Amino acid sequence: MFFLSAVILFPLLGGLALLFFPREQVRAIRMTALGLALIELLLVLGLDLAYLQNSVSLFSSSFLHESWRWFPDLGINYSLGMDGISLVLVSLTALLTAICIGASFRIESKVKNYMAFMLLFESGMLGVFLASNLFLFYIFWEVMLIPAYFLLGTWGGERRIYAAFKFVIYTSVGSFLMLVGIIAIGYYHQLAAVAAGGTSCGYTLELSQLLNTSATCHGVLDGTTQLWLLLAFAAAFAVKVPLIPFHSWLPDAYSEAPAPVTALLAGAMSKTGVYGFLRLCIPLFPQAIHTLAPYINVLAVVGILYCAVLALMQTDLKRLLGYSSISHLGVIMLGLFSFTAQGMTGSVLQMVNHGITTAVLFLIAGFLEYRTGTRRLQDYGGLAARIPWLAVMMFIAALSSLGLPGLNSFTGEFLSLLGAFRANVTLGVLGTLVVVPAAWYMLRFFIGLMWGVPATEGAVSANLRKGGIRDLSLGELGVIIPLIILIFYIGVQPAVLTGIIDPSVANTMQVLSSAFVK
Amino acid sequence: MTNLSLWVLLLPLLGFIILGLAGRFMPRTAILAVGWGACGLAFLCAAISFFSMLATPAAQRTSDQVVYHWISAGTFSLDFGLLLDPLSMTMLLVVTGVGLLIHIYSAGYMADDPSFWRFFAYLNFFIFAMVMLVIANNFLFLLVGWGLVGLASYLLIGFWYQRRSAVAAAQKAFVINVIGDFGLMLAIFLIFQGAGRLDYAGVLTHTFPAATATAIALLLFVACAAKSAQLPLYMWLPDAMEGPTPVSALIHAATMVTAGVYLVARAYPLFEQSPAALAVVAGIGGATALFAATIALFQLDIKRVLAYSTISQLGYMFMAEGVHNYSAGIFHLVTHAFFKALLFLGAGAVIHALAGEQDMRKMGGLWGRLRVTGLTFLIASLAISGIIPFAGFWSKDEILGSVLAYGNQTGNVWYYILWAIGILTAGMTAFYMFRLFFGIFAGDYRGASVAVNDNTNGDVEEQEAAAAGHHHAGPVRYNSIHDVAPVMSIPLIILAILSVIGGFIGSMALFGLPNWSPLANFLPAAMHNHAAEGSLTLEWISTGLSLLAGVLGIGMAWRLYGKGFAFKQNSNPLYQLVFHKYYVDEILNAVLIIPVLALSRTLSRYLEGDVLDGGSRGISTLFRGTSTFMRRVQTGYMRNYALGILLGVVVIIVYYAVRG
């Protein structure tokens, strides 16, 4: 069956088809791109239903699994597979891409390329979440980088070139190390398998073979090898998440990219890093991960608090949200590396929640910048009376972001932190402490824009006087509302998602055996 | 037993949704129909459940119903459920009952506000959140309610969101309450780690190791201290008076701030496992009661006097709970809800009549103009001062009696001191309340003539922004002051009646005097009181002294202010210290807020900017430099390359020659 391939390739092919449109047909290009993204979303919904009907695991030979020989001598196959964790992230990506394309109708220059890149970006991310061969994973990983680079470098703000270069260099260094790691893991695995008695074992990069402990051709890597390989993989993922101190590219990239692109970078792409840790690092290096986990946890906690404190005094809307995003990703990492069922399920759940919430926040920042032409917080103030619906939507997203109980992010953060606390009380307490600065900077952000009296000088007041600041348009409402509904729905009914995530987490973590706390 | 608690929860939510989505377009009568209707029907459902509960034998008064499965992860699984028992029943009645009266009152108080609909939407939302808090059957949904009432409080304090002071107060309240949420979350983590579950039924019957029990109880109390404005987390409540006065009455006096008292009573089996934590509860309660009362002595803003008074009275409730008398704490919660709501609504009536004036120095002589308000305010003042037979007397007497009895039982001198603090605070309460009463109602009207240094902000833009809300719009002439309309005076009268008889009936209900069979032992039966039983002599001593303190306080206030309030500057440093609220806000600002913000700015500029960003630039500069240098090697001349190869070969040969 080609279901997974269809899901991955449809946006890519659609994007290519888009390139044949005449350049002037801007409206047709926009509508087609949106249509393609929506069809893709329907495909993914079909995938959701199919998965829920026949719950499959990652390597089961079901119709939700594909494997085609490619370069068998090099252990390279075109293999795809999925479980509940992939499912929720694929769904998130498809949803956010559709919404972000819908929110990009204000892009005026080179619309065709923009839309094609957005769709290519989607394909790259979906591939990362579905690949089950390391080489294929790497290819999708790089496919993701190219459109992101162009989207940022071509349609971004004033300092876009600087931001794009920084982004690419940070990411490439990590990717390169991961490539070395991928090549090496096949080699060392073969050595270990032969040493363990399998005489005719070949070189493989197939995840199912690397992880299949009962196969004849399975070898266990020794601790030192595991650690070096793990570090190579972790380099790529730590940059993408990002963990501090590998985050320096993020504030620039997030603030310079056009808002819908930032929403996609923060909402979906950042999850590929966490997914890499979850899908590859933990299962492939089950011993070494315990050596590295304490360091990752410390970096996560430092990042959580450090970025929350930084967010307090940011003066640029999108930079503030960027730091907030790093802080929240820290909670996700802390949950993941707690090696508890609560922490890891919470971590995956929170990836979805953070994707939704942060996308709303960045999109709204974009709506505001479009109206006022500025991202400086000091220029804003007292807009709630003028644009009440926008204020309400922003308030809901801000509450979600600060973890208000009853909304989506609370569910994921609560589970993540509960897991972190069970694993290590000190880290759990320090991680939980973030709720205080998070409330502080988020409310400061909301109040600074919406409450109080309008600023008397600056771009906003000039626009206000001209009557140029209007409330949400129908189109804007259309892209925001689905996410707002999800913010409430997941908050009230998280069992729908945890029911999908939890069994897959338990499956994936069997490799940790007793180190995994249920 | 008829249990309509789900309706009590959902009706206000429904009201909020309707008003939130459509209120903007609805006429005022429709807004009132929805707003009052939602709260009124919720009260009706609560009342029906209550009478049904009374008809049920005491042993079967607990109903724990699961609504739906909420979440699961590994061994952690949680359902949302409702727990209706005498404790949550009492709270439901107070929340919806007092809530309804304040909904009614608000129709008059907020009549001129352009955001009328928004006010009622928020009020309904608050009732929903508060009901969630008291009706949840597990700690996690307690936290949900806990967070949502905090949100309601934030929205209502910041209701006039264009006023800078209101905005700052709202933010402060929210953030300080999040500190409480932090404590509650940690307590929940510990509870799950210890008991493997979070529902009350499972947790409250679980025995924890002593150290864990103490940690859990203290963390829960952090949450209580934040929500119920106890030391050291009380600072937000006085500022919360920036909200409209009905909000102060409902949220910041009668209901939300008592959530901490509720939580201790709800989780009392946990507190029983930790004598140390209970001692902290009692100690913080006593210290807060005294501390806040001293500040209330010299305040000039009538709402601030009441705010500090609320903090002080909440301290009494914790004092009771700290000596194992949980039902006495809840009893005082109920009577306090009556008379403190009444005091705030009365203050609101005064502020309304004076077009937004809150400064006691510009009042006086209003007894002649505001009869209903004055009389009900007097009743409430007598009640809070603990004068027999008003409501406050019974509950306060019960608290002080059990503190003394506990001291006597344990022989611990600290509890005698705590009791003495309670008596002293009772005297101070009577004094500051009657200073307030005389200041508003006695003597001559000082509003039109006296020009006093205005201690509220006089920003021009702020006044423009507040033109819509109740903001001081200049002095009102004495003869044009009118008492409030029936929509506002009827809630005052009902609360006044409750402030007279509430304690008497409650006292019967709680302590099971014979021949009151339906209400007998309503709460204690549900809470297995562990309170110490004192001898009759001790009780008479306590009662006598607290009455004496109350009478003395009133007498002193009469001597000083009976002929009217006069503000005199006083340069005594002790007076200045108390007058400036011990400079707590200033200290907090200097040691916490300014340093954190400075840290944020510094990190942003240096660590993020110079070190990390600069570091990446540095690396790129390094590479550029290297490549610029290396480019020179590529000259394009064959002879240079040949020379290079030759040199390389020589180096290799030399290397091997030397190495042998």
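Cβ coordinates come from backbone N, Cα and C, glycine included.
Per TrEMBL, domain 'NADH-Ubiquinone oxidoreductase (complex I) chain 5 N-terminal' is recorded for B:70-120.
Here TrEMBL flags B:136-411 as domain 'NADH:quinone oxidoreductase/Mrp antiporter transmembrane'.
The list of residues near the transmembrane segment (B:30-54) in space but at least 6 beyond its ends in sequence, with Cβ under 8 angstroms from a Cβ of it, reads 1-5, 7-8, 11-12, 14-16, 18-19, 23, 61, 84, 86, 89, 92-93, 96-97, 99-100, 103-104, 107, 116-117, 120-121, 123-124, 127, 131, 518-519, 522. For B:30-54 (among others), the entry in TrEMBL reads transmembrane segment.
Residues 5, 8, 32, 35-36, 39-40, 42-43, 46-47, 49-50, 84, 119-120, 123, 126-127, 130-131, 134-135, 244-246, 249-250, 254-255, 262, 330, 333-334, 337-338, 341, 345, 348, 352, 470, 484-485, 487-488, 490-492, 494-495, 522-523 of the same chain lie 6+ residues outside the transmembrane segment (B:90-109) yet bring a C-beta within less than 8 angstroms of a C-beta in it. If you look up TrEMBL, you'll see B:90-109 (among others) marked as transmembrane segment.
TrEMBL lists B:116-135 (among others) with the feature transmembrane segment.
According to TrEMBL, the feature transmembrane segment maps to B:141-161 (among others).
Marked as transmembrane segment by TrEMBL: B:247-265 (among others).
Within the same chain, residues 213-214, 217-218, 221, 224-225, 229-231, 234, 264, 271, 305, 308-309, 311-324, 403, 414-415, 418, 421-422, 424-425, 428-429, 431-432, 435, 575, 578-579, 581-582 sit at least 6 positions outside the transmembrane segment (B:277-298) and bring their C-beta atoms closer than 8 Å to a C-beta of that stretch. Residues or ranges marked as transmembrane segment in TrEMBL: B:277-298 (among others).
Same-chain residues lying 6+ beyond the ends of the transmembrane segment (B:305-324) with a Cβ under 8 Å from its Cβ atoms: 224, 228-230, 234, 237-238, 240-241, 248, 252-253, 257-258, 260-261, 264-265, 268, 271-272, 278-293, 295-296, 299, 330, 332-333, 336, 340, 343-344, 347, 360, 384, 396, 398-399, 402-403, 406, 415, 418, 422, 425, 429, 432-433, 436, 529-532. The annotation transmembrane segment is assigned in TrEMBL to B:305-324 (among others).
Among the features that TrEMBL reports, transmembrane segment is placed at B:330-354 (among others).
For B:375-394 (among others), the entry in TrEMBL reads transmembrane segment. Outside the transmembrane segment (B:375-394), and at least 6 residues removed from its termini, the chain residues within Cβ reach (under 8 Å) are 309, 313, 331-332, 335-336, 338-340, 342-343, 346-347, 426, 429-430, 433-434, 436-437, 440-441, 492-493, 495-496, 498-504, 506-507, 546-547, 549-551, 553-554.
For B:414-438 (among others), the entry in TrEMBL reads transmembrane segment.
What TrEMBL lists as transmembrane segment is B:492-513 (among others).
Long-range contacts of the transmembrane segment (B:540-561) within its own chain (CB-CB distance under 8 A, at least 6 residues past either end) are made by residues 385-388, 393, 396-397, 400-401, 404, 419, 422-424, 426-435, 437-439, 442-443, 534. What TrEMBL lists as transmembrane segment is B:540-561 (among others).
Within the chain carrying the transmembrane segment (B:414-438), a Cβ under 8 angstroms from the stretch's Cβ atoms is held by residues 279, 282-283, 286-287, 289-290, 293-294, 296-297, 299, 302, 305-306, 309, 312-313, 315-316, 319, 323, 360, 377-378, 381, 384-387, 396, 399-400, 403-404, 406-407, 542, 545-546, 549-554, 556-558, 560-562, 564-565, all 6 or more beyond its ends. Within the chain carrying the transmembrane segment (B:116-135), a Cβ under 8 angstroms from the stretch's Cβ atoms is held by residues 5, 8-10, 12-13, 15-16, 19-20, 23-24, 26, 28, 31-32, 34-35, 38-39, 42, 82-84, 88, 91-92, 95-96, 99, 102-103, 106, 110, 141-142, 144-146, 148-149, 151-153, 155-156, 159, 244, 246-247, 250-251, 255-256, 259, 262, all 6 or more beyond its ends. Helix, strand and coil counts under DSSP for the domain 'NADH-Ubiquinone oxidoreductase (complex I) chain 5 N-terminal' (B:70-120) come to 29 helix, 13 strand, 9 coil.
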